[in-house]
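S.K.: The structure that follows is given in the form of C-alpha coordinates.
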Amino acid sequence: MPCGQPGSGAAPALYVVGVDVGSTTVKCHVYDRAAGVRGSSCRKVESLYPRPGWVELDPEVLWSQFVGVIKEAVQAAGLHMRQVAALGISTQRSTFITWHKRTGKPFHNFISWQDLRSAELVNSWNRSLLLKVIHVIFTVLHFFTGNDRYLAPSVLTFSTQQTSMKLSWVFKNIPEADEAAKKNNCCFGTVDTWLLYRLTKGSVFATDYSNASSTGVFEPFTKCWNPTLCHLLSIPMSIYPPVKDTSFNFGSADSEIFGVPVPIMALVADQQSAMFGECCFQPGDVKLTMGTGGFWNVNTGGNLFASHKGLYPLIGWKIGEEVVYLTEGSMSNIGTTIKWAQDINLFTNVDETAKMARSIVDSQGVCFVPGFQVSANDPYLCASFMGLKPTTTRNHLVRAILESVAFRNKQLFDIIVKKVRIPLQTVRADGGVSNNSFVMQMTSDLINKKIEKPSNTDMSSLGAAFLAGLASGLWTDKEQLKKLRQIETVFEPQKDEKEYKPAMDTWMRAVKCSLHW
(Lines of atoms letter the chains of each structure in order from A; the text may use other names.)
(Lines give C-alpha, C1' and ligand atoms only; values in the text may rest on other atoms or scores of the structure.)
Protein backbone atom coordinates (compact mmCIF):
# COMPACT_ATOMS: atom_id res chain seq x y z
CA MET A 1 0.00 0.00 0.00
CA PRO A 2 1.52 3.36 -0.97
CA CYS A 3 2.85 5.62 1.71
CA GLY A 4 0.24 7.85 3.27
CA GLN A 5 -2.88 6.08 1.97
CA PRO A 6 -5.73 5.76 4.45
CA GLY A 7 -5.79 2.51 6.35
CA SER A 8 -2.14 1.72 5.73
CA GLY A 9 -1.52 1.60 9.48
CA ALA A 10 -3.75 -1.48 9.78
CA ALA A 11 -1.18 -3.68 8.04
CA PRO A 12 1.09 -5.69 10.37
CA ALA A 13 4.69 -4.59 10.92
CA LEU A 14 6.41 -7.31 8.91
CA TYR A 15 9.22 -5.35 7.31
CA VAL A 16 12.66 -4.29 8.48
CA VAL A 17 14.69 -1.34 7.23
CA GLY A 18 18.46 -1.67 6.84
CA VAL A 19 20.48 1.51 6.30
CA ASP A 20 24.15 1.53 5.35
CA VAL A 21 25.86 4.88 5.87
CA GLY A 22 29.04 4.23 3.90
CA SER A 23 31.94 6.33 2.74
CA THR A 24 30.59 6.95 -0.76
CA THR A 25 26.83 6.37 -0.47
CA VAL A 26 23.98 6.24 2.01
CA LYS A 27 21.82 3.25 1.05
CA CYS A 28 18.54 2.02 2.44
CA HIS A 29 16.73 -1.22 1.66
CA VAL A 30 13.35 -2.38 2.95
CA TYR A 31 13.34 -6.16 3.49
CA ASP A 32 10.47 -8.60 3.87
CA ARG A 33 10.60 -11.78 5.98
CA ALA A 34 12.22 -13.69 3.10
CA ALA A 35 14.99 -11.04 3.03
CA GLY A 36 13.68 -9.86 -0.32
CA VAL A 37 14.24 -6.20 -1.15
CA ARG A 38 10.87 -4.43 -1.43
CA GLY A 39 12.12 -0.87 -1.85
CA SER A 40 15.43 0.98 -2.00
CA SER A 41 16.97 4.42 -2.06
CA CYS A 42 20.52 5.70 -2.38
CA ARG A 43 22.24 9.06 -2.11
CA LYS A 44 25.86 10.01 -2.67
CA VAL A 45 27.85 10.99 0.40
CA GLU A 46 29.20 14.52 0.01
CA SER A 47 32.75 14.49 1.39
CA LEU A 48 34.49 17.78 2.14
CA TYR A 49 38.21 18.41 1.61
CA PRO A 50 38.94 21.69 3.45
CA ARG A 51 42.73 21.15 3.36
CA PRO A 52 45.08 18.68 1.66
CA GLY A 53 44.73 15.32 3.41
CA TRP A 54 41.65 16.37 5.39
CA VAL A 55 38.36 14.55 4.79
CA GLU A 56 35.17 15.68 6.53
CA LEU A 57 31.39 15.25 6.36
CA ASP A 58 28.81 17.92 7.17
CA PRO A 59 26.67 16.39 9.98
CA GLU A 60 23.51 18.22 8.89
CA VAL A 61 23.86 17.06 5.28
CA LEU A 62 24.47 13.47 6.42
CA TRP A 63 21.44 13.61 8.72
CA SER A 64 19.25 14.91 5.89
CA GLN A 65 20.48 12.15 3.57
CA PHE A 66 19.92 9.48 6.22
CA VAL A 67 16.32 10.49 6.91
CA GLY A 68 15.69 11.03 3.20
CA VAL A 69 16.75 7.55 2.04
CA ILE A 70 14.61 5.87 4.70
CA LYS A 71 11.50 7.80 3.69
CA GLU A 72 12.18 7.21 -0.02
CA ALA A 73 12.83 3.48 0.37
CA VAL A 74 9.67 2.90 2.40
CA GLN A 75 7.67 4.87 -0.15
CA ALA A 76 9.29 2.93 -3.01
CA ALA A 77 8.20 -0.28 -1.28
CA GLY A 78 4.62 0.98 -1.27
CA LEU A 79 4.50 0.82 2.51
CA HIS A 80 3.69 3.04 5.46
CA MET A 81 6.21 3.64 8.24
CA ARG A 82 3.81 1.86 10.63
CA GLN A 83 4.59 -1.36 8.78
CA VAL A 84 8.28 -1.14 9.72
CA ALA A 85 8.98 -3.49 12.62
CA ALA A 86 12.56 -2.42 13.11
CA LEU A 87 15.33 -0.15 11.90
CA GLY A 88 18.93 -1.41 11.70
CA ILE A 89 21.78 1.04 11.11
CA SER A 90 25.17 0.10 9.66
CA THR A 91 27.78 2.84 9.53
CA GLN A 92 31.29 3.56 8.31
CA ARG A 93 33.71 3.08 11.16
CA SER A 94 36.02 5.44 13.01
CA THR A 95 34.46 8.54 11.43
CA PHE A 96 33.55 10.68 14.43
CA ILE A 97 32.22 13.95 15.76
CA THR A 98 32.14 15.73 19.13
CA TRP A 99 29.34 17.96 20.38
CA HIS A 100 28.14 19.92 23.39
CA LYS A 101 26.23 17.74 25.81
CA ARG A 102 23.63 20.40 26.72
CA THR A 103 23.07 22.13 23.38
CA GLY A 104 23.75 19.23 21.00
CA LYS A 105 25.79 21.61 18.83
CA PRO A 106 28.80 19.98 17.09
CA PHE A 107 32.25 21.42 17.70
CA HIS A 108 33.36 20.42 14.18
CA ASN A 109 32.33 18.41 11.14
CA PHE A 110 32.60 14.63 11.10
CA ILE A 111 36.28 13.73 10.72
CA SER A 112 36.48 10.79 8.32
CA TRP A 113 38.42 7.58 8.85
CA GLN A 114 40.20 8.54 5.61
CA ASP A 115 41.43 11.84 7.07
CA LEU A 116 45.22 12.27 7.36
CA ARG A 117 45.44 15.34 9.61
CA SER A 118 46.99 13.24 12.38
CA ALA A 119 49.81 11.86 10.17
CA GLU A 120 52.57 13.90 11.86
CA LEU A 121 51.22 13.03 15.31
CA VAL A 122 51.07 9.34 14.36
CA ASN A 123 54.65 9.33 13.10
CA SER A 124 55.88 11.20 16.17
CA TRP A 125 54.27 8.71 18.54
CA ASN A 126 55.39 5.66 16.58
CA ARG A 127 59.00 6.91 16.80
CA SER A 128 58.76 7.99 20.45
CA LEU A 129 60.82 6.60 23.31
CA LEU A 130 57.65 6.29 25.42
CA LEU A 131 56.06 3.88 22.94
CA LYS A 132 59.27 1.82 22.87
CA VAL A 133 59.18 1.61 26.69
CA ILE A 134 55.52 0.49 26.53
CA HIS A 135 56.50 -2.22 24.03
CA VAL A 136 59.23 -3.52 26.35
CA ILE A 137 57.05 -3.50 29.48
CA PHE A 138 54.18 -5.38 27.87
CA THR A 139 56.50 -7.81 26.06
CA VAL A 140 57.92 -8.78 29.45
CA LEU A 141 54.44 -9.06 30.97
CA HIS A 142 53.29 -11.27 28.10
CA PHE A 143 56.40 -13.46 28.42
CA PHE A 144 55.88 -14.12 32.12
CA THR A 145 52.08 -14.36 32.18
CA GLY A 146 51.30 -15.83 28.75
CA ASN A 147 48.20 -13.60 28.77
CA ASP A 148 47.39 -12.45 25.23
CA ARG A 149 45.90 -9.28 26.69
CA TYR A 150 49.48 -8.01 27.03
CA LEU A 151 50.43 -8.93 23.46
CA ALA A 152 48.43 -6.12 21.81
CA PRO A 153 50.16 -3.23 23.66
CA SER A 154 53.53 -4.95 23.14
CA VAL A 155 53.18 -4.36 19.39
CA LEU A 156 51.05 -1.20 19.59
CA THR A 157 51.47 1.20 16.68
CA PHE A 158 49.26 4.12 15.78
CA SER A 159 47.56 4.60 12.42
CA THR A 160 45.88 7.54 10.71
CA GLN A 161 42.74 5.43 10.31
CA GLN A 162 42.27 5.11 14.06
CA THR A 163 40.10 7.54 15.97
CA SER A 164 42.54 7.99 18.86
CA MET A 165 45.09 10.31 17.25
CA LYS A 166 42.49 12.44 15.47
CA LEU A 167 40.57 12.78 18.72
CA SER A 168 43.76 13.90 20.42
CA TRP A 169 44.16 16.42 17.59
CA VAL A 170 40.64 17.76 18.26
CA PHE A 171 41.39 18.58 21.90
CA LYS A 172 44.71 20.17 20.98
CA ASN A 173 43.28 22.33 18.17
CA ILE A 174 39.62 23.08 18.98
CA PRO A 175 39.51 25.07 22.26
CA GLU A 176 35.70 24.89 22.53
CA ALA A 177 35.78 21.08 22.58
CA ASP A 178 38.64 21.00 25.06
CA GLU A 179 36.93 23.45 27.41
CA ALA A 180 33.61 21.58 27.24
CA ALA A 181 35.39 18.30 27.98
CA LYS A 182 37.00 19.79 31.08
CA LYS A 183 33.51 20.71 32.30
CA ASN A 184 32.09 17.27 31.45
CA ASN A 185 30.01 18.82 28.66
CA CYS A 186 31.54 17.10 25.62
CA CYS A 187 30.13 14.04 23.86
CA PHE A 188 32.06 11.84 21.44
CA GLY A 189 30.30 9.73 18.86
CA THR A 190 30.95 7.71 15.76
CA VAL A 191 28.33 8.02 13.01
CA ASP A 192 25.98 5.49 14.66
CA THR A 193 26.01 7.34 17.99
CA TRP A 194 25.29 10.69 16.35
CA LEU A 195 22.40 9.30 14.30
CA LEU A 196 20.91 7.58 17.35
CA TYR A 197 21.24 10.81 19.33
CA ARG A 198 19.45 12.74 16.57
CA LEU A 199 16.76 10.09 16.02
CA THR A 200 15.85 10.14 19.71
CA LYS A 201 16.06 13.96 20.00
CA GLY A 202 19.03 13.67 22.35
CA SER A 203 17.46 11.20 24.78
CA VAL A 204 19.74 8.23 23.94
CA PHE A 205 23.54 8.43 23.93
CA ALA A 206 25.03 5.03 23.11
CA THR A 207 27.02 2.90 20.70
CA ASP A 208 27.47 -0.85 20.20
CA TYR A 209 30.46 -3.15 20.70
CA SER A 210 31.30 -3.45 16.99
CA ASN A 211 31.56 0.30 16.48
CA ALA A 212 33.37 0.88 19.77
CA SER A 213 35.99 -1.79 19.07
CA SER A 214 36.71 -0.25 15.65
CA THR A 215 37.82 3.11 17.06
CA GLY A 216 41.20 1.95 18.40
CA VAL A 217 40.23 3.49 21.77
CA PHE A 218 38.16 0.53 23.00
CA GLU A 219 39.92 -2.46 24.56
CA PRO A 220 38.43 -5.67 23.07
CA PHE A 221 39.97 -7.88 25.78
CA THR A 222 38.35 -6.02 28.69
CA LYS A 223 35.41 -4.71 26.62
CA CYS A 224 35.74 -1.15 27.88
CA TRP A 225 37.15 2.19 26.77
CA ASN A 226 40.92 2.13 27.25
CA PRO A 227 41.85 4.43 30.17
CA THR A 228 45.61 3.93 29.71
CA LEU A 229 45.53 5.01 26.07
CA CYS A 230 43.26 7.96 26.85
CA HIS A 231 45.61 9.07 29.63
CA LEU A 232 48.60 8.84 27.27
CA LEU A 233 46.84 10.98 24.65
CA SER A 234 45.16 13.36 27.15
CA ILE A 235 41.66 12.35 26.07
CA PRO A 236 39.03 12.67 28.85
CA MET A 237 37.14 9.44 29.60
CA SER A 238 33.91 11.36 30.27
CA ILE A 239 33.24 11.92 26.55
CA TYR A 240 32.51 8.29 25.61
CA PRO A 241 29.04 6.76 25.18
CA PRO A 242 27.80 3.65 27.02
CA VAL A 243 28.33 0.49 24.95
CA LYS A 244 25.30 -1.75 24.26
CA ASP A 245 24.63 -5.04 22.48
CA THR A 246 24.66 -4.92 18.68
CA SER A 247 21.17 -6.42 18.33
CA PHE A 248 19.31 -4.42 20.97
CA ASN A 249 16.33 -2.16 21.56
CA PHE A 250 17.97 1.28 21.50
CA GLY A 251 14.62 3.06 21.74
CA SER A 252 12.45 4.57 19.02
CA ALA A 253 12.90 7.38 16.55
CA ASP A 254 10.95 10.45 17.60
CA SER A 255 7.54 10.42 15.91
CA GLU A 256 8.15 13.90 14.45
CA ILE A 257 10.82 12.45 12.14
CA PHE A 258 8.89 9.66 10.37
CA GLY A 259 5.34 10.31 11.56
CA VAL A 260 5.41 7.29 13.87
CA PRO A 261 7.92 6.06 16.50
CA VAL A 262 10.11 3.56 14.59
CA PRO A 263 11.97 1.03 16.81
CA ILE A 264 15.78 1.25 16.47
CA MET A 265 16.86 -2.37 16.99
CA ALA A 266 20.48 -2.54 15.80
CA LEU A 267 23.61 -0.43 15.54
CA VAL A 268 26.56 -2.08 13.83
CA ALA A 269 29.84 -1.16 12.13
CA ASP A 270 29.78 -1.70 8.37
CA GLN A 271 32.34 -4.51 8.05
CA GLN A 272 30.92 -6.44 10.97
CA SER A 273 27.46 -5.89 9.51
CA ALA A 274 28.57 -7.28 6.14
CA MET A 275 30.02 -10.28 7.99
CA PHE A 276 26.64 -10.87 9.64
CA GLY A 277 24.80 -10.35 6.35
CA GLU A 278 27.02 -12.98 4.71
CA CYS A 279 26.03 -15.36 7.55
CA CYS A 280 29.67 -15.84 8.58
CA PHE A 281 28.57 -17.20 11.94
CA GLN A 282 31.12 -20.00 12.45
CA PRO A 283 34.81 -19.78 13.41
CA GLY A 284 36.89 -19.88 10.23
CA ASP A 285 34.25 -18.19 8.09
CA VAL A 286 35.91 -15.55 5.89
CA LYS A 287 34.44 -12.39 4.41
CA LEU A 288 36.05 -10.13 1.80
CA THR A 289 34.49 -6.72 1.25
CA MET A 290 35.73 -4.61 -1.64
CA GLY A 291 34.06 -1.21 -1.64
CA THR A 292 35.62 2.18 -0.96
CA GLY A 293 38.20 0.20 1.02
CA GLY A 294 39.01 -3.49 1.14
CA PHE A 295 38.53 -5.63 4.25
CA TRP A 296 39.32 -9.24 5.04
CA ASN A 297 37.51 -10.52 8.13
CA VAL A 298 37.79 -13.92 9.79
CA ASN A 299 35.35 -15.13 12.44
CA THR A 300 37.55 -16.32 15.31
CA GLY A 301 34.61 -17.27 17.55
CA GLY A 302 35.35 -16.74 21.23
CA ASN A 303 39.10 -16.45 20.57
CA LEU A 304 40.55 -12.98 20.43
CA PHE A 305 43.84 -12.85 18.54
CA ALA A 306 46.09 -9.95 19.48
CA SER A 307 47.25 -7.40 16.91
CA HIS A 308 49.94 -8.37 14.45
CA LYS A 309 51.42 -6.20 11.73
CA GLY A 310 48.66 -5.78 9.17
CA LEU A 311 45.96 -7.45 11.31
CA TYR A 312 43.97 -6.35 14.32
CA PRO A 313 41.28 -7.85 16.57
CA LEU A 314 37.70 -6.59 16.65
CA ILE A 315 34.42 -7.45 18.27
CA GLY A 316 32.14 -8.65 15.49
CA TRP A 317 28.91 -8.43 17.43
CA LYS A 318 27.45 -9.00 20.86
CA ILE A 319 23.99 -10.52 21.19
CA GLY A 320 23.05 -11.32 24.77
CA GLU A 321 25.80 -13.50 26.23
CA GLU A 322 27.31 -14.26 22.82
CA VAL A 323 30.40 -12.23 21.90
CA VAL A 324 31.94 -13.02 18.51
CA TYR A 325 35.45 -11.83 17.70
CA LEU A 326 36.98 -11.11 14.31
CA THR A 327 40.46 -10.64 12.95
CA GLU A 328 40.70 -8.00 10.23
CA GLY A 329 43.17 -6.89 7.60
CA SER A 330 42.38 -3.80 5.57
CA MET A 331 43.43 -1.72 2.59
CA SER A 332 42.04 1.66 1.64
CA ASN A 333 41.22 3.35 -1.66
CA ILE A 334 39.97 0.42 -3.76
CA GLY A 335 36.68 1.88 -4.94
CA THR A 336 38.15 5.37 -4.73
CA THR A 337 40.93 4.38 -7.13
CA ILE A 338 38.54 2.85 -9.64
CA LYS A 339 36.34 5.96 -9.48
CA TRP A 340 39.43 8.13 -10.05
CA ALA A 341 40.36 6.04 -13.10
CA GLN A 342 36.88 6.65 -14.47
CA ASP A 343 37.13 10.39 -13.75
CA ILE A 344 40.31 10.67 -15.84
CA ASN A 345 38.55 8.81 -18.68
CA LEU A 346 40.44 5.51 -18.59
CA PHE A 347 37.00 3.97 -19.13
CA THR A 348 33.39 5.12 -19.46
CA ASN A 349 31.52 2.51 -17.46
CA VAL A 350 32.98 0.53 -14.56
CA ASP A 351 31.29 -2.61 -15.92
CA GLU A 352 33.63 -2.62 -18.93
CA THR A 353 36.86 -2.81 -16.90
CA ALA A 354 36.92 -6.61 -16.56
CA LYS A 355 36.56 -6.98 -20.33
CA MET A 356 39.31 -4.40 -20.92
CA ALA A 357 41.67 -6.28 -18.58
CA ARG A 358 40.98 -9.61 -20.29
CA SER A 359 41.50 -8.16 -23.78
CA ILE A 360 45.28 -8.25 -23.24
CA VAL A 361 47.59 -11.04 -22.07
CA ASP A 362 49.17 -9.00 -19.26
CA SER A 363 49.80 -5.43 -18.14
CA GLN A 364 53.02 -5.30 -20.21
CA GLY A 365 55.00 -4.64 -17.03
CA VAL A 366 52.87 -1.68 -15.96
CA CYS A 367 52.22 -1.55 -12.21
CA PHE A 368 49.80 0.60 -10.27
CA VAL A 369 50.36 1.44 -6.61
CA PRO A 370 47.24 2.95 -4.99
CA GLY A 371 47.71 5.28 -2.04
CA PHE A 372 46.42 2.67 0.38
CA GLN A 373 48.14 1.44 3.52
CA VAL A 374 50.47 -1.44 2.82
CA SER A 375 52.10 -3.58 5.47
CA ALA A 376 54.39 -0.71 6.44
CA ASN A 377 51.35 1.37 7.45
CA ASP A 378 52.86 4.31 5.61
CA PRO A 379 50.50 7.33 5.40
CA TYR A 380 52.93 8.92 2.93
CA LEU A 381 52.68 6.12 0.37
CA CYS A 382 52.59 7.66 -3.11
CA ALA A 383 49.98 6.53 -5.63
CA SER A 384 51.75 5.88 -8.91
CA PHE A 385 51.94 4.10 -12.26
CA MET A 386 55.30 2.51 -13.01
CA GLY A 387 56.67 0.72 -16.05
CA LEU A 388 54.95 2.93 -18.62
CA LYS A 389 56.07 2.47 -22.24
CA PRO A 390 55.23 4.04 -25.61
CA THR A 391 53.09 0.95 -26.30
CA THR A 392 51.08 1.30 -23.06
CA THR A 393 47.33 1.63 -23.69
CA ARG A 394 44.32 2.36 -21.52
CA ASN A 395 43.72 -1.39 -21.29
CA HIS A 396 47.17 -1.89 -19.74
CA LEU A 397 46.51 0.87 -17.20
CA VAL A 398 43.11 -0.55 -16.26
CA ARG A 399 44.52 -4.07 -15.95
CA ALA A 400 47.34 -2.76 -13.73
CA ILE A 401 44.78 -1.10 -11.43
CA LEU A 402 42.68 -4.27 -11.13
CA GLU A 403 45.76 -6.45 -10.63
CA SER A 404 46.87 -4.22 -7.75
CA VAL A 405 43.62 -5.04 -5.92
CA ALA A 406 44.13 -8.79 -6.39
CA PHE A 407 47.79 -8.60 -5.32
CA ARG A 408 46.92 -6.77 -2.12
CA ASN A 409 44.19 -9.35 -1.46
CA LYS A 410 46.86 -12.04 -1.76
CA GLN A 411 49.16 -10.21 0.67
CA LEU A 412 46.49 -9.87 3.34
CA PHE A 413 45.21 -13.41 2.91
CA ASP A 414 48.73 -14.81 3.37
CA ILE A 415 49.14 -12.84 6.61
CA ILE A 416 45.79 -14.18 7.85
CA VAL A 417 46.73 -17.79 7.04
CA LYS A 418 50.01 -17.35 8.90
CA LYS A 419 48.67 -15.60 12.00
CA VAL A 420 45.13 -16.93 12.51
CA ARG A 421 45.35 -20.46 13.82
CA ILE A 422 41.90 -21.53 12.63
CA PRO A 423 41.09 -23.59 9.49
CA LEU A 424 39.66 -21.13 6.96
CA GLN A 425 36.43 -21.89 5.10
CA THR A 426 35.09 -20.64 1.77
CA VAL A 427 35.55 -16.91 1.20
CA ARG A 428 32.35 -14.84 0.83
CA ALA A 429 32.74 -11.58 -1.08
CA ASP A 430 30.63 -8.43 -1.23
CA GLY A 431 30.92 -4.73 -1.99
CA GLY A 432 30.78 -2.97 -5.34
CA VAL A 433 34.18 -4.20 -6.59
CA SER A 434 33.10 -7.82 -6.04
CA ASN A 435 31.01 -7.32 -9.21
CA ASN A 436 34.29 -7.19 -11.17
CA SER A 437 34.82 -10.74 -12.42
CA PHE A 438 38.48 -10.13 -13.33
CA VAL A 439 39.42 -9.11 -9.77
CA MET A 440 37.37 -11.95 -8.30
CA GLN A 441 38.85 -14.66 -10.53
CA MET A 442 42.42 -13.43 -10.09
CA THR A 443 41.97 -13.27 -6.31
CA SER A 444 40.58 -16.83 -6.29
CA ASP A 445 43.60 -18.00 -8.30
CA LEU A 446 46.11 -16.21 -6.06
CA ILE A 447 44.70 -17.48 -2.74
CA ASN A 448 43.72 -20.89 -4.15
CA LYS A 449 40.28 -20.67 -2.55
CA LYS A 450 36.69 -20.76 -3.71
CA ILE A 451 34.96 -17.36 -3.46
CA GLU A 452 31.17 -16.99 -3.26
CA LYS A 453 29.42 -13.81 -4.38
CA PRO A 454 25.83 -13.23 -3.23
CA SER A 455 22.98 -12.06 -5.45
CA ASN A 456 22.80 -8.78 -3.55
CA THR A 457 26.22 -7.34 -2.70
CA ASP A 458 24.85 -4.71 -0.26
CA MET A 459 25.68 -6.93 2.70
CA SER A 460 26.08 -4.12 5.23
CA SER A 461 22.42 -3.14 4.78
CA LEU A 462 21.32 -6.77 4.99
CA GLY A 463 23.42 -7.43 8.08
CA ALA A 464 21.91 -4.44 9.87
CA ALA A 465 18.44 -5.65 8.86
CA PHE A 466 19.18 -9.20 10.10
CA LEU A 467 20.38 -7.91 13.47
CA ALA A 468 17.37 -5.60 13.83
CA GLY A 469 15.00 -8.36 12.73
CA LEU A 470 16.38 -10.74 15.36
CA ALA A 471 15.92 -8.13 18.10
CA SER A 472 12.34 -7.41 17.00
CA GLY A 473 11.34 -11.07 16.58
CA LEU A 474 10.85 -10.87 12.81
CA TRP A 475 13.39 -13.71 12.58
CA THR A 476 13.94 -16.22 15.35
CA ASP A 477 17.58 -17.30 15.06
CA LYS A 478 20.68 -17.39 12.85
CA GLU A 479 19.77 -20.77 11.38
CA GLN A 480 16.70 -19.16 9.86
CA LEU A 481 18.89 -16.41 8.40
CA LYS A 482 21.24 -18.93 6.76
CA LYS A 483 18.33 -20.33 4.75
CA LEU A 484 17.67 -16.86 3.29
CA ARG A 485 21.16 -16.56 1.77
CA GLN A 486 21.32 -16.43 -2.03
CA ILE A 487 24.56 -17.07 -3.96
CA GLU A 488 24.82 -15.68 -7.48
CA THR A 489 28.33 -16.73 -8.59
CA VAL A 490 31.09 -19.02 -7.33
CA PHE A 491 34.68 -18.35 -8.45
CA GLU A 492 37.02 -21.34 -8.26
CA PRO A 493 40.80 -21.33 -8.84
CA GLN A 494 41.62 -21.78 -12.54
CA LYS A 495 45.34 -20.93 -12.61
CA ASP A 496 48.26 -21.91 -10.41
CA GLU A 497 49.24 -18.94 -8.24
CA LYS A 498 52.88 -19.44 -9.34
CA GLU A 499 51.92 -18.15 -12.79
CA TYR A 500 51.35 -14.73 -11.21
CA LYS A 501 54.64 -14.65 -9.27
CA PRO A 502 56.73 -12.60 -11.78
CA ALA A 503 53.99 -9.95 -12.08
CA MET A 504 53.45 -9.81 -8.32
CA ASP A 505 57.19 -9.53 -7.63
CA THR A 506 57.36 -6.58 -10.04
CA TRP A 507 54.37 -4.97 -8.33
CA MET A 508 55.97 -5.38 -4.89
CA ARG A 509 59.11 -3.63 -6.16
CA ALA A 510 56.90 -0.78 -7.38
CA VAL A 511 55.29 -0.53 -3.94
CA LYS A 512 58.71 -0.23 -2.28
CA CYS A 513 59.63 2.60 -4.64
CA SER A 514 56.46 4.48 -3.59
CA LEU A 515 56.99 4.33 0.18
CA HIS A 516 57.83 7.39 2.31
CA TRP A 517 57.24 9.76 -0.61
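Cβ atoms here come from the backbone N, Cα and C positions, even for glycine.
Reproduced below are the annotations present in Swiss-Prot:
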{"type": "BINDING", "residues": "Ser23, Thr24, Thr292, Gly335, Gly432", "note": "ATP binding site"}
{"type": "BINDING", "residues": "Arg93, Asp270, Gln271", "note": "glycerol binding site"}
S.K.: About how far apart, in whole Å, are the alpha carbons (Cα) of Thr292 (ATP binding site) and Gln271 (glycerol binding site)?
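M.R.: Distance between the two Cα atoms comes out at 12 Å.
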S.K.: For Arg93 (glycerol binding site), list the number of other Cβ atoms lying within 10 Å of its Cβ atom.
M.R.: 29
S.K.: In whole Å, how far is Ser23 (ATP binding site) from Gln271 (glycerol binding site) when you measure between their Cα atoms?
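M.R.: That comes out at 12 Å between the alpha carbons.
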S.K.: Considering Cα atoms only, can you say which of Ser23, Thr24, Gly335 is the nearest neighbour of Asp270 (glycerol binding site) among these binding-site residues?
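M.R.: If we rank Ser23, Thr24, Gly335 by Cα distance to Asp270 (glycerol binding site), first place goes to Ser23.
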S.K.: Give the sequence-ordered set of same-chain residues, not counting Ser23, Thr24, Thr292, Gly335, Gly432, with Cβ within 8 Å of the centre of the Cβ atoms defining the ATP site.
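M.R.: After dropping the recorded site residues, what remains is Gly22, Thr25, Gly291, Gly293, Ile334, Thr336, Lys339, Gly431.
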S.K.: Closest of the binding-site residues to Arg93 (glycerol binding site), Cα to Cα, picking from Ser23, Thr24, Gly335, Gly432?
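M.R.: Nearest in space to Arg93 (glycerol binding site), counting only the binding-site residues, is Ser23.
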S.K.: By the DSSP assignment reduced to helix, strand and coil, which category contains Arg93 (glycerol binding site)?
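M.R.: Looking at the DSSP assignment, Arg93 (glycerol binding site) belongs to neither helix nor strand, so coil.
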S.K.: Under 8 Å Cβ to Cβ from Gly432 (ATP binding site), same chain, six or more residues apart: give me those in sequence order, or none if nothing qualifies.
M.R.: Met290, Gly291, Gly335, Thr457
S.K.: Record lists Arg93, Asp270, Gln271 as binding glycerol; longest Cα-Cα distance in Å?
M.R.: 8
S.K.: In the structure shown, which of the binding-site residues Ser23, Thr24, Asp270, Thr292, Gly335 has the fewest other Cβ atoms within 10 Å?
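M.R.: Ranked by other Cβ atoms within 10 Å, the binding-site residues Ser23, Thr24, Asp270, Thr292, Gly335 bottom out at Thr24.
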S.K.: Should Thr24 (ATP binding site) be counted as helix, strand, or coil on the basis of DSSP?
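M.R.: The residue in question, Thr24 (ATP binding site), is coil (DSSP, three-state).
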S.K.: Note the Cβ centroid of Arg93, Asp270, Gln271, the recorded glycerol site, then list each other residue of that chain whose Cβ lies within 8 Å of it, in sequence.
M.R.: Ser90, Thr91, Gln92, Ser210, Ser214, Ala269, Gln272, Ser273, Ala274, Phe295, Ser460
